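For reference, the structure is listed below as structure tokens.
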């Protein structure tokens, strides 16, 4: 009985955790959701961005004490400008979405919000990790062997 309870707790903890995509799985998913070439940004750049922002983890969060905002999900979308977490002072919520929706294993909402972010004048440069790790680099390795 004790072993059954422990097993149940382990399974419960597994179901609560976010999904960590495999590189090619993410590339195929992003392509299916229309990110390949969206606003001139290649699929390889999107996969590179997700690698360095979240490690392909849908459940990633990062609190920013300076402005009391939090970054959410696979693309680390910020609560100051793009989503509503009910905590960030002066939040804009330009994606008209709950920040928790960006933590789902189904990344359709995160992709829709990323499309909104990249549509702003800053484009993909809105993501610091992209500028640091992907910009002006050969990012083809991020989709290599994925058949996309």
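Backbone N, Cα and C atoms are what each Cβ position is placed from, and that goes for glycine too.
What Swiss-Prot says about this protein:
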- 53: active site (ACT_SITE)
- 71: active site (ACT_SITE)
- 24-146: disulfide bond (DISULFID)
- 48-134: disulfide bond (DISULFID)
- 83-99: disulfide bond (DISULFID)
- 95-113: disulfide bond (DISULFID)
- 19-148: domain 'C-type lysozyme' (DOMAIN)
- 1-18: signal peptide (SIGNAL)
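Shown here: features listed in Swiss-Prot, placed on the structure.
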| residue | record | Cβ contacts under 8 Å, 6 or more apart |
| --- | --- | --- |
| 24 | disulfide bond | 143, 145, 146, 147, 148 |
| 48 | disulfide bond | 130, 133, 134, 137, 139, 142 |
| 53 | active site | 60, 71, 74, 75, 76, 127, 129, 130 |
| 83 | disulfide bond | 72, 77, 91, 93, 95, 97, 98, 99, 101, 102, 113 |
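Residues belonging to the domain 'C-type lysozyme' (19-148) score a mean pLDDT of 98 in the model. Ranking the disulfide-bonded residues 99, 113, 134, 146 by other CB atoms within 10 A of the CB puts 146 at the bottom. Following the DSSP three-state reduction, the secondary structure of residue 83 (disulfide bond) is coil.
Residue environment of residue 95 (disulfide bond) contains 22 other Cβ atoms, counted within 10 Å of its Cβ in all protein chains.
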